[in-house]
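Heads up: the structure comes next, in structure tokens.
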Ligand SMILES: Nc1nc2c(ncn2[C@@H]2O[C@H](COP(=O)(O)OP(=O)(O)O)[C@@H](O)[C@H]2O)c(=O)[nH]1
Ligand SMILES: [Mg+2]
């Protein structure tokens, strides 16, 4: 595995569309659920163990060659909010484009052809990680980290939060990020044997509801 | 990077490739950037009116936090609704046109897929500062729109937009007498910054300059399809 490829994939500047999404933070800020660094930490912790775990398990399973179509259906089943499904597929398509330029491979081309409007982002992330020579643990770490770093970055913009405080939140969550990534790799291995039904389905109802409310706003800074 | 363009091996274009996956030449993409309120949307509307009879057109807008530009164009009925798409930029309009162009690429490709062969797609940036320019991976040429009311020293100050844009439009010349802007000085400063690159002074109130901008676009298109 190439550690540099992992850094590239996890870099928020990798041009895969993430900058336009807040991971539910914009809706939570508007609803008064995030007002500062302490709330942000709790919000991110909630994301870690729900959306983060599910995304990372899908990504790990994709690296372990669980069929993409089955994983994509499993992701749909674990994403009640139609707005979040749309966002996940858009981001999957955007990641696919950047990855095909960075790590050209027939496997990526095949998935892009099968899902011209995008598969769920975590599933694409797993396929991309493999194309970049990375393993299940790498993909899971990327997915879990993204599940909190995107929200933290968005809150810096939304609340003019001190960026050092946001970095402190992410650093404090790091051991938990590692643990969730390990759980996700286990779950991905489980899916190889038992099928996608064995993947975690932890959900955060407020994230789903918030996403639907957010999608209805006329004025917003982030796409989701 | 070289990409082959045959249908069976290349599922979708990656970026600036001149050919679509089916081998046909894609539409010319022209970006319009410049500060908030300088007249980008109004220039897009004027271009659509000037060119829509002779060309198959579409527009992508990048609003900062609403869909107002797209809604304005829809209200003005400059093009049928299916030819206008809004991209959400996540509080960072320059990122969406320069550093991470994927959402805009998807928008232009979807327009070509869905409304059929297009000659020209205009991509309006969410208004930003004087340093915001379009990536060459997204557009083939860019117009930078400033206005006389934003200060007649903007051409002198330069910056990437003013200095490097393929066309500089100095808009709202009708307002010059009221805001005390010296158009001759703006023209001389622009010439000093841009050497041979073209500049058009335009007023969408009086209509002067509109045909010059349209003629420049026609020339870009002629070069693209040559
Ligand atoms: N007086 C005058 N107003 C203009 C001209 N062009 C645009 N405007 C007005 O300037 C305002 C901002 O224009 P708009 O196109 O929305 O700017 P954008 O933010 O760059 O897209 C609108 O109220 C336009 O009607 C012009 O040539 N002269
Ligand atoms: Mg505008």
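Note: Cβ is positioned from N, Cα and C throughout, glycine not excepted.
What TrEMBL says about a protein is an automatic prediction, not a curated fact.
The stretch that TrEMBL tags with region 'Disordered', taken from the ranges B:1-21, B:22-42, is B:1-21. Secondary structure at residue B:40 (GTP binding site), taken from DSSP and collapsed to helix, strand or coil, is helix. Within the same chain, residues at least 6 positions away in sequence whose Cβ sits under 8 Å from that of residue B:39 (GTP binding site) are B:145, B:147, B:169, B:171, B:172, B:202, B:204. According to its DSSP assignment, residue B:35 (GTP binding site) is coil.
In this structure, B:41 are the binding-site residues from B:35, B:36, B:37, B:38, B:39, B:41 whose C-beta falls under 6 Å of some atom of ligand 2. The average per-residue pLDDT of the prediction over the domain 'CobW/HypB/UreG nucleotide-binding' (B:30-200) is 92, rounded to a whole number. Less than 6 Å separates the Cβ from ligand 1 in the case of B:36, B:40, drawn from the binding-site residues B:35, B:36, B:40 in sequence order.
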